[in-house]
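Enquirer: What Swiss-Prot shows for this protein is this:
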DOMAIN    102-224  domain 'MPN'
MOTIF     173-186  motif 'JAMM motif'
BINDING   HIS173, HIS175, ASP186  Zn(2+) binding site
Amino acid sequence: MSIKHWPEQERPREKLIQQGAGALSDSELLAIFLRTGTQGISAVELARQLLAQFGGLRSLMSASREEFCQGLGLGDAKYTQLQAVLEMSKRHLQEQLMRETVFASAEHVRTYLSSQLRHSPREVFAVLFLDTQHRLIRYQELFMGTIDAAAVYPREVVKAALQYNAAAVILAHNHPSGIAEPSQADISITDKIKRALDLVDVRLLDHFVVGDGLPVSLAERGLV
């Protein structure tokens with residue numbers, strides 16, 4: 001049955017207007033994004049099938065272009081639309097945090113880093129550069145690929161910190177597997193970067209590992 005024949009309170013768009021986006025299921029939110037279904041399949045049913053195919057919303061949103069376009073009813077138009085929505089969300093959150101004290105609590109940092117890194121299909125090493133009040137000066141993704149001593153150069157972090165006149169930095173990287181447990185390589189590179197930053201009087205406040213769930217803080221584990 002077409003969605004237009006559903007009771008009004010069950011239609012995703014009307015439900016969002018009446019109850020807010022938080023009241024919608026993943027499939028209902030995705031149905032609004034899709035707008036239409038395919039022949040004989042409503043947008044909500046198509047959304048359910050896609051979530052089952054990709055293994056959930058996270059996997060769908062972080063899929064590569066090739067993987068995404070293999071989904072029923074999906075193509076380049078929907079892929080570019082999704083990327084635009086994700087980028088707008090990132091920029092909106094960054095604008096908010098530019099006006100706030102980033103390190104007022106670790107939760108501010110966790111929220112921001114989750115939005116930036118959780119959906120990336122590859123490993124990304126990023127740095128938050130902060131002023132003396134711990135306000136965000138700049139977020140920059142410095143390295144891509146496997147995070148180890150050969151891929152991350154402490155001097156590049158120091159160079160960028162001096163360029164932005166940062167008083168402190170927060171490191172972050174994601175684990176595309178979704179498992180946010182820090183590795184020995186993560187701990188080792190954190191120590192190397194901390195010692196390099198100490199030489200130029202820039203504080204390393206923390207290093208977060210982003211996966212599914214809450215990002216893990218190395219500082220909270222006594223590893224910074």
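Each Cβ is built from the backbone N, Cα and C atoms, and glycine gets one as well.
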Enquirer: On the three-state reduction of DSSP, what should I expect for HIS173 (Zn(2+) binding site)?
Expert: strand
Enquirer: Restricting to the chain of HIS175 (Zn(2+) binding site) and a gap of 6 or more, list residues whose Cβ falls under 8 Å of its Cβ, or answer none.
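Expert: In sequence order, the residues whose Cβ lies under 8 Å from that of HIS175 (Zn(2+) binding site) (at least 6 apart) are GLU123, GLU181, VAL209, VAL210, GLY211.
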Enquirer: Give, as a single whole number between 0 and 100, the mean pLDDT over the domain 'MPN' (102-224).
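Expert: The answer is 88, the mean pLDDT of the model over that range.
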Enquirer: Tell me the Cβ neighbour count for ASP186 (Zn(2+) binding site), meaning other Cβ atoms within 10 Å of its Cβ, over all protein chains shown.
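Expert: I get 21 for this one.
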Enquirer: Under DSSP, is ASP186 (Zn(2+) binding site) helix, strand or coil?
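Expert: The residue in question, ASP186 (Zn(2+) binding site), is helix (DSSP, three-state).
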Enquirer: Please report the number of other Cβ atoms within 10 Å of the Cβ of HIS173 (Zn(2+) binding site).
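Expert: Excluding its own Cβ, the number within 10 Å is 25.
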